[in-house]
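Take a look at the structure below.
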Amino acid sequence: MTEPVTEPMTGPVSPSVVLVGPMGAGKTTVGRVLARRWGVAVRDTDADIEADAGKPVSEIFVDEGEAHFRELEKAAVAAALASHDGVLSLGGGAVLDPDTQVLLKDHAVVFLRVGLADAVKRVGLGSARPLLLGNVRGRVKQLLDERTPIYEAVARFAVETDGRTPEQVADDIEERLGR
Ligand SMILES: Nc1ncnc2c1ncn2[C@@H]1O[C@H](COP(=O)(O)OP(=O)(O)OP(=O)(O)O)[C@@H](O)[C@H]1O
Ligand SMILES: O=C(O)C1=C[C@@H](O)[C@@H](O)[C@H](O)C1
Ligand SMILES: [Mg+2]
């Protein structure tokens, strides 16, 4: 007699939370705090792209250009949404892609809000963020103005980060998620 074959029960995999927001909002930092608290893995699409390409985002912008980076980003976000079940932080511009916007509708997306002054303080003057080169304050303002409506549209809710520590931001997210 042959034993019946039983398949393991596997449900669809989905991140517990997806963090979006501008550069300096704290997506990477707050993502790490939440993942540590919940005992889950954290994933960051900028880091995934850098690992695959074998170089920093800033070098991809210089060598291949922003349009190529956005293609890599779109694929990295789709892969992470489909396969990661911990905390997921997206690059600041990932929400610009219309297909990504559609995918995000099925996820617990949280917008980390940051104002101009705190964003500028946090990103500093380093060269790791290629879109800010030249005029950090002016570029941050432009990106905040252009993208805030998109972050608001894709997110289930927003949390304020100005003047608050990453731990306080994480507290707010837990409260809003009921965790
Ligand atoms: N709530 C906060 N208060 C003060 N500093 C913060 C806060 N959140 C993050 N930071 C600091 O700001 C800097 C940027 O944070 P982080 O890299 O997490 O931002 P990000 O949203 O992931 O940016 P990017 O889109 O460029 O990846 C880091 O030095 C971090 O330590
Ligand atoms: O806001 C953006 O467009 C970016 C944010 C970073 O996370 C990186 O993905 C890259 O520097 C571009
Ligand atoms: Mg980040």
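Each Cβ is built from the backbone N, Cα and C atoms, and glycine gets one as well.
Automatic, uncurated: that is what TrEMBL annotation is.
Summarising the annotation, TrEMBL assigns ATP binding site to GLY24, ALA25, GLY26, LYS27, THR28, THR29, ARG129, ARG164. Long-range Cβ neighbours of ARG129 (ATP binding site) (same chain, at least 6 residues apart, Cβ-Cβ under 8 Å): MET23, SER58, VAL123.
In the three-state DSSP scheme, THR28 (ATP binding site) is classed as helix. Long-range Cβ proximity for THR28 (ATP binding site), meaning a same-chain Cβ under 8 A and a gap of 6 or more residues, is found for ASP44, ASP46, SER89. Annotated Mg(2+) binding site per TrEMBL: THR28, in sequence order.
Taken from TrEMBL, the feature substrate binding site applies to ASP46, ARG70, GLY92, ARG147. Cβ neighbours within 10 Å of GLY92 (substrate binding site), excluding its own Cβ and spanning all shown chains: 22.
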Calculate the distance in Å between the alpha carbons (Cα) of ARG164 (ATP binding site) and GLY92 (substrate binding site), and round it to a whole number. 20
Residue from ARG70, GLY92, ARG147 whose C-alpha is spatially nearest that of LYS27 (ATP binding site), among the binding-site residues: GLY92
Quick tally, other C-beta within 10 angstroms, LYS27, ARG164; top of the binding-site residues is LYS27
I need the nearest neighbour of GLY24 (ATP binding site) among the binding-site residues ARG70, GLY92, ARG147, using C-alpha distances. GLY92
What Cα-Cα separation, expressed in whole Å, is found between ARG147 (substrate binding site) and ALA25 (ATP binding site)? 13
All-chain count of other Cβ atoms within 10 Å of ARG70 (substrate binding site): 16
